[in-house]
Amino acid sequence: MVSSKMEKSPADLLASPGLSSMLKSLKLKTKQQELLIRVSILFLVYVLAFIARLFSVLRYESMIHEFDPYFNYRVTQYLTQKGFYEFWNWFDSESWYPLGRIVGGTLYPGLMVTAAFIYWTLRFLRFAVHIREVCVLTAPFFAANTTLVAYFFGKELWDSGAGLVAAALIAICPGYISRSVAGSYDNEGVAIFALLLTFYLFVKAVNTGSLAWGLASALGYFYMVSAWGGYVFIINLIPLYVLVLLITGRYSMRLYVAYNCMYVLGTLLAMQIRFVGFQHVQSGEHMAAMGMFFLMQVFYFLDWVKYLLNDPKKFHSFLRITVTSAVGLGAIALGVGTASGYISPWTGRFYSLLDPTYAKDHIPIIASVSEHQPTAWSSFMFDFHILLILFPAGLYFCFKRLSDATIFIVMYGLTSMYFAGVMVRLILVATPAVCLISAIAVSATVKNLTQLVRAKSKPASGGSGKGAASAKVLSKGSLDQSMPFQKNGAVALLLGVFYLLSRYAIHCTWVTSEAYSSPSIVLAARGANGNRVIFDDYREAYFWLRQNTPPDAKVMSWWDYGYQITAMGNRTVIVDNNTWNNTHIATVGRAMSSYEDEAYEIMRSLDVDYVLVVFGGVTGYSSDDINKFLWMVRIGGGVFPVIKEPDYLVNGEYRVDKGAAPKMLNCLMYKLSYYRFGELTTEYGKPPGYDRARGVEIGNKDIKLEHLEEAFTTSNWIVRIYKVKPPNNRW
Amino acid sequence: MAAPKSVAVFFAVLNLISLLPFIAFSFSPDQPTDRKILVLLDDLSLKSSHSIFFNTLQSRGFDLDFKLADDPSIAVKRYGQYLYDGLVLFSPSADRFGGSLNIEGVLDFVDSGHDLILAGDSNASDLIRNIAAECGVEFDEDTSAMVIDHAGYAVSETEGDHTLIASDEFIQSDVILGSKKLEAPVLFKGIGHSLNPENSLVLKVLSASSSAYSANPTSKLSNPPSLTGTSISLVSVVQARNNARIMISGSLGLFSNRLFRSGVQKIGSLNKYEKSGNEQFVTELSKWIFHERGHLKAVHLKHNKIGETEEPSIYRINDDLEFSVEIFEWSGTSWVPYVANDVQVQFYMMSPYVLKTLSTNQKGLYHTSFKVPDVYGVFQFKIEYQRLGYTTLSLSKQVNIHSCVSFHKFC
């Protein structure tokens, strides 16, 4: 640090003879200078990655965001309070009433254990932090760590220049920030770090053929398995990569060591996670890796036979027999395993990745989630910006300099880009690959251009900081000097690159600040005067539940709000965001879409005491229950055919105004959302009962409730809670 | 020093004295029999004309508070507390009550667990009819109609219009009507009612015979009567879900000294009784209404693993557990063990996974043991005991069932 300060103020340096001699000695060691600059840049990128994710804390407060993170937070609290064994054995009776949920066996504990470990470490070091602060900052911390991994990965793939660019790109890439801002305490926050680490270590193992790196990648894989269900991507991508290497004739002992070590140890370790268990040897999704493992042995065996035989003709016939019998055996084993039910078939989620239309037809519960929708082009542009253009350029560079490592990154990039196109949320998985490949493009381009610039006037090099950094790491290359105005062109292009990169930085900051830092539990809107209006209705409602209802009260709501109700309201819910039981969710969907007296029977059978609905008609909040209602009908109708979607539509159109379907106007969800709404004037110049979220006057203003009574409505009507009345005393 | 202390003692004693009546006379789960009863009358002369009924109540220890139905000082509730445990409405013609009491007030009184005796009569007011209707009983809409039975009237000196009928079609329940069999028929002169079929809680205690019908006895029958035969109920009771008990009679005369004392002979019957069954019928029914009989309580719901005594918060699948509950019956003065062989427990999660009849030790303790089913979830031990005349026992206790986890101390 001291020396970097000196560099910045040469005038001061020259004034003192002692320092100038130090500078002289510094100047002698160019390697060290380069290392110093590299470390400083990496350090700055590290800090940048962390602080860029703190917008949400500054704008709002240090709080947990959205839906799933609330469950993770609650589990982490439990873990830190009760200890690891209690956590592992936790049977949660507050969710999925009356089925309950065995939490320890149905989650990926990596995130919670990580946060608890950080918490315990800080406590041990006598930092009196609250567990919430740790949870809020876990994702930014791991995002910062990811930049380091990206640097080393880039270095492994190309050179350290590409590594630095990759670190800088991934530090602020919106596709990653969207899932790792402060407060976004979700599995993905640590999983992307684990994913990239595993890939890096595996590539390193392939490049070196070292057992140690193979072991390291197995450990990385273990961490990934413990953290996120997305590990299935790793366990399928790596065999695919190995297969490509085998086909292209790049089989080597390095690959053999790396893959076998990673696969065997990784599988054994992954089995220790209860939620995963024996899936590695029993589920169809993991069979590719196992098949590849056996294929590798066959290859090794063939190599050995070839060495022994020394006769190409004999070997050729031997090869034919061995390959045929190996493939045949494998196919028979797979067939028998599947037929006997030992190997489970692919799950619906896996199918829906391979076939984007599958979920829509077969699993409405997956299709109903907005982040499972196919990605629009605009969101690619939004999340990647210039990387979208640099990505193909990077692929070009990778193909130009093919190696085991670049083949890997190309495959990672292409497959993850496909998955990103299938589901919006998988942009996240593609982001590291896109950043790395783009970094190769930027680094290689800038390197070539600076070489051109430096070719004629070497002393003039080292203009801007970044250019110098890239130039420093140049290796010598031959220059083609046949083109006229080459130098000017190169300078212009360099300026263009810097312009693009600075636009990228501006875009990322803007996106982070505007789009990805909203906690979604607190809503913000612009008032008429441009001032910021905060709607804190969710927490108001959950706090009301916590304070005013009996501790064993059961709350029915659509599953989106389940985690929040249990975490913030501390009350039992019927269904929550862990959508493991479709029938139970369908029962709730059926209750919401039935008439009140039918719904009352269902609610009585589930011991429901309170019903919670989210309603945006007053504020214009559009992701409310009325807009989600068709999914409730579809999911409910998927299990209970008495619920039919056309009953709620008029000529295929979903309406809530006077022209709405009669069943729609009288179903429980409509009644609970619009109860007493007909008396309210929401907007000047509009009739009472004007729904601002849908822009219509509602069709049923005279709503009478028979079996439920309004218990609480938040100040902006966003959350409405109703009490289920006991059966009539005298009837 | 001494003076303030004595003042303090004085106030303490005063407090105790003022509390005493509440302690002694208020209705409580430990002493389910009512204590203080408000009687609303149309006319204070009813006090003497129905004195036998009132005297039997007072002799059983009830504190009766007589008021005219339009007395402006009527209040059943003060500072959110009910002042009475029971209400007797002998005011069939009252259009409105005095004071703050109204129909909602009466229904709230019942819905907060208090008992009601309601007597209608011919020309009963809309108020009385509406209260009855809220309890599932529809009086004949024709205000001048009475129950007429040409084949079941009581023999009397004058031929009359056959509106004084002698009925012996009682509900078959020792709990409601007492164990002593009612020999003599009950004399009834008043309006009939039908039970609302939607109401599952209302019971016919005294019903008319198959030859009875409800019509205006003075005018000629032009249309077929709306109420006929055994569907006419003369006296009905409701046991609400909160165990409040309601008696609705179509006749105020049912309770009168005159009918209590008069002899009875049913037409076509040779048996002539010196005394009608009214006194026994009304007295026994009032005992039931005021919770002197047929009141059960279940206490000490307990469950534990076999061989242990502690109640665990969680069971493992296939654990063997013991379940026990104590059930007592209120005899009017004390709790005595309730003996039955049909009490069942459900081990319930959305549907009963285990349904077992409990065995009893004849001293009130009911117990059984069973194996926890091989399903995890939030289960309830549920006792739903509904028997004619008895208060409903509905208890549940929640318990978690969790599958066995491999490496921890629990296993």
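Using N, Cα and C of the backbone, Cβ positions are placed for all residues, glycine too.
Bear in mind that the values here come from a model prediction, so they are computed numbers and not experimental data.
Annotation comment: TrEMBL describes A:35-55 (among others) as transmembrane segment.
Look at TrEMBL and you will find A:40-437 tagged as domain 'Oligosaccharyl transferase STT3 N-terminal'.
The feature transmembrane segment is assigned by TrEMBL to A:102-122 (among others).
The transmembrane segment annotation in TrEMBL covers A:134-154 (among others). Listed by sequence, the residues of this chain that lie at least six past the ends of the transmembrane segment (A:134-154) yet keep a Cβ under 8 A from its Cβ atoms are 42, 45-47, 49-50, 53-54, 57, 62-64, 69, 72-73, 76, 111, 114-115, 118-119, 122, 160, 162-171, 176-177, 179-186, 189-190, 192-193, 196-197, 199-200, 203, 432, 435-436, 439-440, 443.
Away from its own ends, the transmembrane segment (A:160-178) comes close to residues 38, 41-42, 45-46, 48-49, 52-53, 143-144, 146-148, 150-154, 192, 382-385, 387, 427-428, 430-432, 434-436, 438-440, 442-444, 446-447, 469-470, 473-474, 504-505, 507-509, 511-512, 515-516 of its chain (Cβ-Cβ under 8 Å, at least six residues beyond either end). If you look up TrEMBL, you'll see A:160-178 (among others) marked as transmembrane segment.
Annotation comment: TrEMBL describes A:190-215 (among others) as transmembrane segment. Counting residues 6+ beyond its ends, the transmembrane segment (A:190-215) has Cβ neighbours under 8 Å at 110-111, 114, 138-139, 142-143, 145-146, 149-150, 152-153, 156-157, 176, 179-180, 221, 223-224, 227-228, 230-231, 233-234, 238, 252-255, 257-262, 265, 404-405, 408-409, 412, 428-429, 431-432 in the same chain.
Taken from TrEMBL, the feature transmembrane segment applies to A:221-244 (among others).
The annotation transmembrane segment is assigned in TrEMBL to A:256-275 (among others).
Listed by sequence, the residues of this chain that lie at least six past the ends of the transmembrane segment (A:287-309) yet keep a Cβ under 8 A from its Cβ atoms are 235-236, 238-240, 242-243, 246, 251, 256, 259-260, 263-264, 267, 280-281, 315, 318-319, 322-323, 326, 330, 334, 343. Residues annotated as transmembrane segment in TrEMBL: A:287-309 (among others).
What TrEMBL records for A:321-343 (among others) is transmembrane segment. Remote same-chain residues near the transmembrane segment (A:321-343) are listed as 282-284, 287, 291, 294-295, 298, 301-302, 305 (criterion: CB distance under 8 Å, separation of at least six residues from the stretch ends).
According to TrEMBL, the transmembrane segment annotation covers A:380-398 (among others). Long-range contacts of the transmembrane segment (A:380-398) within its own chain (CB-CB distance under 8 A, at least 6 residues past either end) are made by residues 158, 169, 173-175, 178, 406-407, 409-410, 413-414, 417, 420, 427, 431, 434-442, 444-445, 500-501, 503-504, 507-508, 511, 515.
Residues 156-158, 199, 202-203, 206-207, 233, 237, 240-241, 244-245, 248, 250, 353, 374-375, 380, 391, 394-395, 398-399, 427, 429-430, 433-434, 436-437, 440 of the same chain lie 6+ residues outside the transmembrane segment (A:405-421) yet bring a C-beta within less than 8 angstroms of a C-beta in it. Feature annotation from TrEMBL assigns transmembrane segment to A:405-421 (among others).
Mean pLDDT of the predicted structure over the domain 'STT3/PglB/AglB core' (A:554-612): 92. Per TrEMBL, domain 'STT3/PglB/AglB core' is recorded for A:554-612.
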Sort the residues of the domain 'STT3/PglB/AglB core' (A:554-612) into helix, strand and coil with DSSP and give the three counts.
33 helix, 9 strand, 17 coil
